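So the structure is just underneath, and the comments pick up after that.
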């Protein structure tokens, strides 16, 4: 019996056992062996159900080395998680190259990195690469729905203090972040953040730790915006590298990652047929471009909203209809936000959507859709399946909300690990740069990932293809005024 596929609560388990026993009696196949199998299924499943009801914060767990410095769903899932990580390693060649190159000299010896990112197989490869380079790491999750419990277990089994489990409450979320920082005898000197929550938690709760911080590496547009707020008020504790606006992340992670994962997220959650559907994509940055390209490929009718006239012109010349939200909100079948901003889709827009309209977010934060405005007595929430809620209006109209307005692809779908390998490599190199920079080498400012390092990351990933770069001649080098080994574009190139 494939017990891991039978999602039954204990009362249904009892009914299932009674049914199986009655069938076996009638068909004369009832034996002691069958009794044992059925009883084993019931006991295992009941134990799992009871474990699901107990918060990881209230469970005492330890890994095979006896360490208890972690808080996850179930340490016994470590073997499964390890296989997930091994699969991801095959698609992350640059990080594996960095590991091999650092077998002698370890550039992060003495680094104490506290991180708040997605806890998935690809970020596990990132964390273990940092450890292989000599760093000590403590980790929490930046998204409560993207956490892979089995991967968290594999990390904990290998000795990484990780505090995360899928479906954390808001209180759990910040407790996990605090558990990474509030440690006797251990203080971070580097921060790797995705959204800025770890950085701001330290500013708010543990400002005494800021004096030891050598630098911050931030991946998301939301987190970079929060760093700029700190900088403007003079509260930025040290140098920060903005990985989000690096050319290689914009052109690969933001575009190809979203292009490949938006369709998977929509189909896994709703089983929707996209051909002929009218879809509104809010924002035509690299994320919006990737989503629109994927939807157009399946012959959806795509509308775009945009505030930037340059991006708006790109949308028009790519064949998409530019419109305002209130002009098309009553006719579209799907609304996707990709702006990284706040309050893009409000209650007034949700009121005018047609029955059955699907609403989801591909931006980083859960601020784009005003989900809070839907928490009112006159609206009924009905959970249909994991990450799919029907919001029912008094007149019977239904709006389909995915992942409670959080990031759709990392919450609800598989992810293209090879593309994420590119961003992970930029994060590792940025941490190495900040940690090994001479004192006062960087000011208390926000820096964009250097162009030379962008090209280095790309070159590492080219090794997975049968690709042969052309070399400039001395005459060509002199003509365009670049170094023969790069960088080949000016720092202002975007």
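First residue shown is number 1, and so on along the chain.
Note: Cβ is positioned from N, Cα and C throughout, glycine not excepted.
Annotation source TrEMBL lists substrate binding site at 120, 194, 219, 249, 253.
Cβ neighbour count for residue 288 (NAD(+) binding site): 29 (other Cβ atoms within 10 Å of its Cβ, all protein chains included). According to TrEMBL, the feature NAD(+) binding site maps to 285, 286, 287, 288, 289, 290, 306, 409.
Annotation comment: TrEMBL describes 254-415 as domain 'S-adenosyl-L-homocysteine hydrolase NAD binding'.
A distance of 17 Å separates the Cα atom of residue 219 (substrate binding site) from that of residue 409 (NAD(+) binding site). When the Cα of residue 120 (substrate binding site) is compared against those of the binding-site residues 285, 287, 306, 409, the shortest separation belongs to 409. Looking at the residues that bind NAD(+) per the record, 285, 286, 287, 288, 289, 290, 306, 409, the two CA atoms farthest apart are separated by 22 Å.
Note on proximity: among 287, 288, 290, 306, 409, the binding-site residues of the record, the Cα nearest residue 249 (substrate binding site) is that of 287. Across the structure, residue 194 (substrate binding site) and residue 409 (NAD(+) binding site) place their CA atoms 15 angstrom apart. Applying an 8 A CB threshold to same-chain residues 6+ apart, the list for residue 306 (NAD(+) binding site) reads 283, 284, 288, 312, 315, 322.
It is 12 Å from the Cα atom of residue 285 (NAD(+) binding site) to that of residue 253 (substrate binding site). Among the binding-site residues 286, 287, 289, 409, the ones whose Cα sits within 10 Å of the Cα of residue 253 (substrate binding site) are 286, 287.
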